[in-house]
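Student: Here's a structure for you.
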Amino acid sequence: MSLPATRLAVQQLDPWFVAFGRAVGAAVLAAAYLRISGAPRPTRGQWRRLAIVALGVVAGFPLFTSLALTSQTSAHGAVVIALLPATTAVFAVIRAGERPAPLFWVASGSGLVAVLTFLVLSGTVRGGVTVTDLYLLTAVGLCGLGYAEGGVLARELGGARTICWALLVALPVTVPLALAAAVADPPQAGPAGWVAFGYLTVVSMFLGFFAWYAGLARGGIARVGQIQLVQPVLTLLWSALLLGEQVGLASIAAALAVSVFVVLTQRSRTPQIIHRPSVDTVMAESR
């Protein structure tokens, strides 16, 4: 739903405002949540890792998808976003020390092939690599990093507090950029554009991460991250409903095939985790 909503929003609003304005709006909600819940402040080491989360999911992914979808369809964006589950799994190995079982990699790779095959056969992929594709690839890389780092932090802070603190960490960047975008191109949109912007602010940038980061922390970042394999197919379905694109039987067949591989990734045994000492622990032990 995020890509179709972004596509709808950037058709009427400046992409920089869509990217950073929603982050500022979500940060207001985050501040209210943290105050009401009485959440303790993160440690010094956690602040550093929250900055990585903010780079990935608060700034990077929203900005580069917004820039890409100003001139590209959300259906095309689904092609590159199909790489996100695999990217998340790689960062789960690098940042979280997870070691998924061989069955996981087979099922994950098969799911990726199924999605890309469907997108090619359905005619979604046309032409060569463009600047918008590079934007989307950058978005995928940063988002995978943000998911993995956030999943690790959620084991300590919880899913809700992880995204809330990340939104606040990003404010020194998001506020000036959102204001600059609003001054350069004053936001004017119809009801559909503002509804899309509101969805991105409240759901995509805020509430959606509560359950997502909690799930990554509890079920394993690499394994739970494979649920995203259904996202490209769902993106096409939402594109049909919101943007008038046609979806045929191939979409349904792809959804069923991808669902099978997602089930296989979830049935693989829980990945082994190689525990690495946190920054705070290392500093404490060195004293």
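Including glycine, each Cβ sits where the backbone N, Cα and C put it.
Below are the features listed in TrEMBL for this protein:
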DOMAIN    4-117  domain 'EamA'
DOMAIN    133-264  domain 'EamA'
TRANSMEM  16-38  transmembrane segment
TRANSMEM  50-69  transmembrane segment
TRANSMEM  75-94  transmembrane segment
TRANSMEM  101-122  transmembrane segment
TRANSMEM  134-153  transmembrane segment
TRANSMEM  165-184  transmembrane segment
TRANSMEM  196-214  transmembrane segment
TRANSMEM  221-241  transmembrane segment
TRANSMEM  247-265  transmembrane segment
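Quick one: how deep are these features, and who are their neighbours?
Tutor: Using a Cβ-Cβ cut-off under 8 Å and counting only residues 6 or more beyond its ends in the same chain, the transmembrane segment (16-38) has close neighbours at 6, 9-10, 58-59, 62-63, 65-67, 160-161, 163-165, 167-168, 170-171, 173-175, 177-178, 180-182, 185, 187, 197, 200-202, 204-206.
Long-range contacts of the transmembrane segment (134-153) within its own chain (CB-CB distance under 8 A, at least 6 residues past either end) are made by residues 46, 49-50, 52-58, 60-61, 63-65, 67-68, 72, 77, 80-81, 83-84, 87-88, 90-92, 94-96, 162-163, 166, 209, 212-213, 216-217, 221, 224-225.
Tertiary proximity for the transmembrane segment (165-184) is limited to same-chain residues at least six positions away from its ends with a CB under 8 Å from its CB atoms, namely 14, 16-17, 19-21, 23-24, 26-27, 30-31, 34, 39, 42, 46-47, 50-51, 53-54, 57-59, 150, 157, 205-206.
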Student: Helix, strand, coil residue numbers for the domain 'EamA' (4-117) per DSSP?
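Tutor: Taking the domain 'EamA' (4-117) as a whole: 93 helix, 2 strand, 19 coil.
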Student: Go through the chain and flag residues at least 6 beyond the ends of the transmembrane segment (196-214) whose CB is under 8 A from any CB in it; none is fine as an answer.
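Tutor: Long-range Cβ neighbours of the transmembrane segment (196-214): 1-2, 5-6, 8-9, 13, 18, 21-23, 25-26, 29-30, 57-58, 62, 147, 150-151, 153-154, 158-160, 162-163, 167, 189.
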